[in-house]
């Protein structure tokens with residue numbers, strides 16, 4: 001049997017880039033909670049004891065940017081200079097301007113357009129991916145790397161491993177078999193964890209705790225054997241971390257946010273963007289389409305692409321590839337997708353409830369993945385949703401409720417992934433049952 005190795009990585013919520021993603025999505029949540037029509041393009045950067053929030057925001061919301069920065073940093077665990085940043089005493093810089101009027105009139109007509117007529121906020125192409133190798137319909141290498149990172153945070157915050165600090169990275173290499181286009185995991189080849197720690201713990205203690213409290217609960221025993229390689233803090237020392245160790249910037253972990261290198265990526269980041277930005281809403285709707293294809297039994301693995309022009313509601317193209325695993329021809333799957341989903345941005349916002357903020361909804365996506373990191377029960381996967389989705393940018397915002405901020409809705413997306421999360425705020429993870437007739441044997 002011919003096999004191959006494939007690797008995916010993840011980073012913790014205390015990684016400086018993920019810190020910035022979470023702040024940007026916390027700002028988005030705050031704007032949408034008070035004003036669902038907020039137009040948000042929020043960037044964040046950070047270095048030693050300094051955070052800068054900048055970008056273009058047009059909103060009726062009253063947003064205390066400094067308060068959001070301090071709270072987000074504190075919640076992650078950056079509470080002193082020793083761990084990489086002092087949330088309560090760090091310097092906060094704010095440089096926010098309004099959205100360009102040229103963009104505003106072209107996309108939403110200064111809020112005068114109907115949802116179905118709202119144009120895409122920019123040009124671009126987005127990809128959705130799904131595979132039947134895990135219950136989440138996500139790649140196993142990505143799922144394991146992401147869950148290891150989330151577990152590191154859990155055992156740090158609950159006191160199981162008090163020597164842990166917020167920053168950290170994980171990486172998992174899986175040995176796969178290609179079953180006529182479908183990916184079949186055979187075993188875990190290598191596990192790599194590099195985690196920030198205090199100055200008192202020994203390398204032996206780190207390795208023992210990571211194996212017992214992080215790896216063992218996350219990686220199923222069936223994937224581990226005597227040949228599995230473990231690299232646990234291989235550099236030997238990781239005391240200095242967070243923004244003190246490296247500068248952070250929003251939007252630099254786009255592969256971690258999606259599929260761990262599987263499928264494809266159009267290049268656009270998610271965090272800090274309202275649903276008129278198709279980098280985010282377009283990627284969410286094609287994930288739902290791809291996931292629905294696999295969950296409905298149309299294919300074992302597939303990728304869906306959509307593309308847009310700025311100011312134009314209708315997508316320029318929609319593409320489906322089942323990697324040879326489709327039960328019917330790809331052209332027929334594509335036709336089902338076009339008949340079932342509405343790719344207009346305004347309708348995506350409605351159908352996926354993407355204008356609803358608050359309660360950390362988008363903040364949840366900003367760490368540990370936007371897709372596929374929690375098993376969704378069959379009753380949720382198969383529940384009946386609207387018969388047709390609209391992919392025009394303005395309608396995406398309405399259909400996915402992407403204008404709703406507040407309560408950390410978008411902040412949730414900024415760490416640990418935007419896809420595959422078992423959370424009612426992740427509306428793009430609900431599978432649509434697709435109607436099709438199985439060919440006669």
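Every residue, even glycine, has its Cβ placed from backbone N, Cα and C.
Owing to the predicted nature of the structure, the values given are computational and were not obtained by experimental measurement.
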Per Swiss-Prot: L-methionine is bound by 99, 246, 277, and from 56, 154, 199 the site also lists 56
Where the distance is taken from Cα to Cα, which of the binding-site residues 9, 43, 56, 99, 277 turns out closest to residue 253 (ATP binding site)? 9
For residue 168 (ATP binding site), identify the closest of the binding-site residues 43, 56, 277, judging by Cα separation. 43
Between residue 277 (L-methionine binding site) and residue 237 (ATP binding site), the C-alpha gap once rounded to whole angstrom: 41
